[in-house]
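A.B. asks: As annotated in TrEMBL:
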- 9-79: domain 'HMG box' (DOMAIN)
- 9-79: DNA-binding region (DNA_BIND)
- 77-100: region 'Disordered' (REGION)
- 97-165: domain 'HMG box' (DOMAIN)
- 97-165: DNA-binding region (DNA_BIND)
- 164-201: region 'Disordered' (REGION)
- 182-201: compositional bias 'Acidic residues' (COMPBIAS)
Amino acid sequence: MMRKDVNKPKGKTSAYAFFVQTCREEHRKKNPEQSVNFAEFSKKCSERWKGLSASDKKCFEDMAKADKVRYNREMRDYVPPKGFGKRGRKRKDPNAPKRPPSAFFVFCSEYRPSVKQQYPGLSIGDCAKKLGEMWSKLTQSEKQPYEEKAQKLREKYDRDMVAYRGGGSYAARNPDSSAQGGEEEEEDEGEEEEEEEEDDE
């Protein structure tokens with residue numbers, strides 16, 4: 001991923017994001033030694049947020065409004081440096097090697113067709129949620145083959161990047177790389193771009 005302009009004002013924080021920050025701080029105080037299971041933590045936060053009354057949500061909405069004012073003020077004075085687009089992000093080189101998928105995305109590409117077949121009416125988001133649930137139920141030994149495959153794809157990417165940065169050549173669409181590599185890389189990158197968009201909202 002290309003570097004962001006470090007001087008660009010921090011994106012607006014939503015009311016829900018302020019709520020999640022508060023939950024994270026609470027969790028850290030109660031369990032300072034315990035690491036957070038992100039998927040489980042996100043689910044609990046979402047459920048808690050849905051259960052809040054309008055008056056309980058108001059303080060977070062006020063924080064979001066204040067942050068929006070801050071963001072708009074800072075953006076008025078911000079001038080992107082040369083080489084950065086409107087959103088302050090460098091354009092990606094279309095000739096650069098594609099980033100490899102994680103073990104989870106390797107797993108998804110294998111099981112997505114069967115999930116779609118089993119649940120034909122499932123939306124993209126619900127399909128991803130279902131795959132996430134399936135992945136979380138796997139034992140470490142069951143995850144191992146996907147982690148090994150992801151590691152091989154990562155090693156290939158690292159070699160390609162060395163060649164790319166050194167001006168050498170590499171196969172942008174290597175026939176040896178599995179079909180799942182391409183589709184999942186796109187999704188992986190898409191998710192990160194969505195996260196950046198949330199930052200900028």
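Yeah, the Cβs are placed from backbone N, Cα and C, and that goes for glycine too.
Heads up, TrEMBL stuff is auto-annotated, nobody curated it.
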A.B. asks: Across the domain 'HMG box' (97-165), what are the DSSP residue counts per state (helix, strand, coil)?
C.D. replies: 56 helix, 0 strand, 13 coil
A.B. asks: Mind tallying the DNA-binding region (9-79) by DSSP state, helix then strand then coil?
C.D. replies: 53 helix, 0 strand, 18 coil
A.B. asks: Could you please provide the mean pLDDT value for the DNA-binding region (97-165)?
C.D. replies: 90
